[in-house]
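Take a look at the structure below.
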Amino acid sequence: MPTIIAAAAVLVIALLPVAAPWLQFVLTLAIAKGFAALGVAVLLRAGLISIGHAMFFAASAYAVAFLARAGVNDLGLLLILSVLGGALVGAVAGSFLVRYRAIFFAMLNLAVSMVFYALCAKLYGVTGGTDGKPVPVPAVFGVVLGEPAFKSVLFYLSLGLMVLVGLAVQRYLNSPLGHALSAVHTNEIRLEYLGIPVWAVLLIAYVVSAALAGLGGAIAGFAIGRVVPDFAFWTASGHLVLIAVLGGIGGVPGAFIGALFLELLHSAAVTVTDSWNLIVGMALIIVIMFMPKGIYGLFARKEATGL
Amino acid sequence: MSNAIIPLLLDSLASAALIFFAAVGLTLVFSVLRVLNVAHGSLYSIGGYVAASICLFIASRQLNPYLSFLALLFSAVCVAAIFGPLIERGLVRWTYGKSEAVQILITFGLFLILEDLQRVVFGVQSFYEDAPMRLLGTTSVGGVVYLNYQILLIAMALLVVVGLRLLINHTRLGRLITAVVTDREMAQSIGIDTNRIFIVAFSLGVFLAALGGALATPTSGIAPGLGADTMVLAFAVAAIGGLGQIEGAALASLIVGLARVLAIYLVPSLDAVAPYAAMLIVLLIRPYGLFGSVTARRI
């Protein structure tokens, strides 16, 4: 039954831009943010809150811009390389960050991401400063497309990736390695006594989450056509955590539900009011207080993980 | 060289003093309530907006310009009296004893709300009102011109350090706060009204943040986005000093100020990186900050 609902939901998303073409950009961006929020949600399962994941989002988008400038001009190759880039940055940062817990983990992620942000904003010669870098339209398997055609390809590719990567992450979370994450949250010492290296469990989770954020960043870079330092600002990281929690961290669909819900609501709300953050802030507080399992928690049959 | 570095030093110390006001409030709230208030930076900018509005009013009515000094203080008191109890009773108290993730997210939600409220109330244009700074004038030593207002800022920061220390060590309220910080349950069981202490401590934190914002307006003006920038700098300073450490925050703002001077001197383009780099280095070596004590890892 949940499979049918999920398939129907994906089908509806796939058909929406046919009915309303302007939705295509909104949905692509929502899926991109969904990937990054999924990365944050993986760490939240272990009770680790990262206010710095926008760094991987931005790093990968910058990687795309740099690689495109260096002559790499294929969508598939660019995506793979930039995700690997995100994972690599994640492995380096994660190797020392996963030693910390609770508020120290949050603060150190913030510190690392703000160093990255400030460097991106200030190294004008390399990163283009606050003007950012353009992300050109790449070829798709050697076929050079016009911008509208490319944006359609990008949308359906992201949608496909959402399903495939989503299933892969679901497998990961249901594996012993994934269950170890919740165990870290509950009782870390017990896990050590069982002979499971907590450090390795968390490092793998960190790299996975960085790669997911990287994938989202690359897609967002292509969709927007430009990458700016603000991608990595701490409020962007906060928004990723917000999406993850709003959607619910109990399952993989949560992050995407949260992202789609927020982006669609945003598109609807901007026609009425400017005070978008006001609405989101209140929604966040209400969700945390009254439905800690997020929107996904409303659908999930099983006991879903909450905060 | 020395001619160039002293004004630079003063400039950095003055901006460090402003960040110190925000950071010390953050650290005070954290030590008493055990909540990291992500919306703290917004209260700094609200203080700035209120102060700028009152100063502009004074200027438009051509009242005695020296009233604007009083206005800076008055606006901080107003913001603290209104927002302190409101936020603590209305929102923050629901997060006591919850996980850090919940506390950070709830206050992040509050941050989003406050940022938009400022936009609605004060608009998106920047405010600039430098009457207090002009009134104090400048001092010229050895051909180098200093702004007296900057010296006032540094003096105020020192006053806050000493004042807070005196408050905590030598008054009844301070002893009550210390008791609550040391052992909340024990304090409660001997009859200390912890709820009242929480309100007072939170409002004091709000007052310090709003005071920082109010004092900042004459030098740098105020514009949307200031809250977010201040938040992360205050965070850096509080973290370097060790969360909950007043003198730590003071030392940390000195370090951040000096790091910026050094950066401006050596690699001018990297001055904005300096505070975060300092935060990263300190936290990697001592995650609990320079003055913080080792707390058991939550396991």
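Glycine is treated like the rest: Cβ placed from N, Cα and C.
Quick caveat, the model's predicted, so the values are computed rather than measured.
The following features are taken from TrEMBL:
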TRANSMEM  B:12-36  transmembrane segment
TRANSMEM  B:43-60  transmembrane segment
TRANSMEM  B:66-87  transmembrane segment
TRANSMEM  B:148-168  transmembrane segment
TRANSMEM  B:197-216  transmembrane segment
TRANSMEM  B:273-291  transmembrane segment
Who are the long-range neighbours of the transmembrane segment (B:12-36) in its own chain, taking Cβ under 8 Å and residues 6 or more past its ends? 43-44, 88, 92, 95-96, 100, 103-104, 107, 147, 149-151, 153-154, 156-157, 160-161, 164, 177, 180-181, 197-198, 201-202, 204-209, 211-213, 215-216, 219, 230-231, 233-235, 237-238, 241, 243-246, 248-250, 252-254, 256-258, 260-261, 264
Counting only residues at least 6 beyond its ends, the same-chain positions whose CB falls under 8 A of a CB in the transmembrane segment (B:43-60) are 21-22, 25, 67-68, 71-72, 74-76, 78-79, 83, 114, 118, 121-122, 127-129, 131-132, 206, 209-218, 221-222, 226-227, 230-231, 234
Long-range CB partners for the transmembrane segment (B:66-87) (under 8 A, at least six residues beyond its ends), listed in sequence order, are 39, 43, 46-47, 50-51, 53-55, 58-59, 110, 129, 131-132, 135, 199, 202-207, 210-211, 213-215, 217-218
